[in-house]
Amino acid sequence: MEVLDKAVNGYIDHLLGPKDPRVKGWLLLDNYVPTIFFTALYLFIVWRGPKYMQNRQPVSCRSILVVYNLGLTLLSFYMFYELVTGVWEGGYNFFCQDTHSGGDADTKIIRVLWWYYFSKLIEFMDTFFFILRKNNHQITVLHVYHHASMLNIWWFVMNWVPCGHSFFGATLNSFIHVLMYSYYGLSAIPAIRPYLWWKKYITQCQLTQFVLTMTQTTCAMIWPCKFPMGWLYFQNSYMISLIILFTNFYLKTYNKKTSSRRKEYQNGSASAVNGYTNSFSSLEDNVKQRKQRQN
């Protein structure tokens, strides 16, 4: 393992240059191998999990989901608040901000962005809950691509550009996740589920987030500072991929609804957001079928 660590990190350092010394020794950041391992394990579970559950009953995760989504809602709010106050304290420039001129605010933002990176590892649980509940239709290309890529991208961000212009996308995303995970948590409560009307607008907010992030990134290209230009090009490329995938999801979900899907909405079931469905209809239908067979 040590030989692998040296080989992988030596190649990355040669390709990207020296890492930011301010994050040296931080959990999971010194070596890329743990991040690769967690991603590979995630993809393996995505592949094997549905097959493992194929002949098993879905697991009810209702209580766990409420707690899990509440926790991520609070963590997202904490990150959003700390990033906004850190940017204000450091006098960050919206158009372009380098990684070394914010003083103590840079240190604060680096600390918060580490939590943002770590939250992407926690969010792998989203997919695992789908597998346990046998909601395999929710494990889409968009869902897996977004989850697997974000953890890896933010490992690189934290090691080379852990503050400065990197703040904007994480700030917007943290705010969106406050809305998104609060929706997930509430939709896990049957009494509240019929009153949730804002699922469609969360996806619209996500698309708006990507466009705004591209706009802010492009500003740094037009009015450059000392923030590395290569990271800006990569950021915009990644945003384009998300816009394409999320737009495709949005059109399929909201503009081409099947009659069965419309019936589900009329019956008050919670529908998909970002490839997620928080209804427990599949589990409940399974229980009903078992009872009918027993009778």
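Heads up, the Cβ atoms here are built off N, Cα and C, so glycines get one too.
Counting same-chain residues at least six beyond the ends of the transmembrane segment (26-46), those with a Cβ under 8 angstroms from any Cβ of the stretch are 1, 4-5, 8-9, 12, 114, 117-118, 121, 124, 127-128, 131, 139, 144, 147-148, 151-152, 155, 158-159. Taken from Swiss-Prot, the feature transmembrane segment applies to 26-46 (among others).
Annotation comment: Swiss-Prot describes 64-84 (among others) as transmembrane segment, evidence class sequence analysis.
The transmembrane segment annotation in Swiss-Prot covers 112-132 (among others) and rests on sequence analysis.
Look at Swiss-Prot and you will find 150-170 (among others) tagged as transmembrane segment, backed by sequence analysis. Remote same-chain partners of the transmembrane segment (150-170), defined as residues 6 or more beyond its termini with a Cβ less than 8 Å from a stretch Cβ, comprise 16-17, 19-20, 22-23, 26, 28-29, 32, 35-36, 38-39, 79, 83, 86-87, 92, 94, 96-102, 106, 109-110, 113-114, 116-117, 120-121, 123-124, 209, 212-213, 216-217, 220, 225, 227-228, 231-232, 235, 238.
Sequence annotations record features per position, and here Swiss-Prot assigns transmembrane segment to 172-192 (among others) based on sequence analysis.
The transmembrane segment annotation in Swiss-Prot covers 207-223 (among others).
Residues or ranges marked as transmembrane segment in Swiss-Prot: 227-247 (among others).
Residues annotated as region 'Disordered' in Swiss-Prot: 265-295.
Positions annotated as compositional bias 'Polar residues' by Swiss-Prot: 266-284.
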Interface check, the transmembrane segment (112-132) with the transmembrane segment (227-247), three or more C-beta pairs under 8 A: no
Long-range environment of the transmembrane segment (227-247) - Cβ separation under 8 angstroms, sequence gap at least 6: 96-99, 141-142, 145-146, 149, 153, 157, 160-161, 164-166, 169, 203, 206-207, 210-211, 213-214, 217-218, 220-221, 274
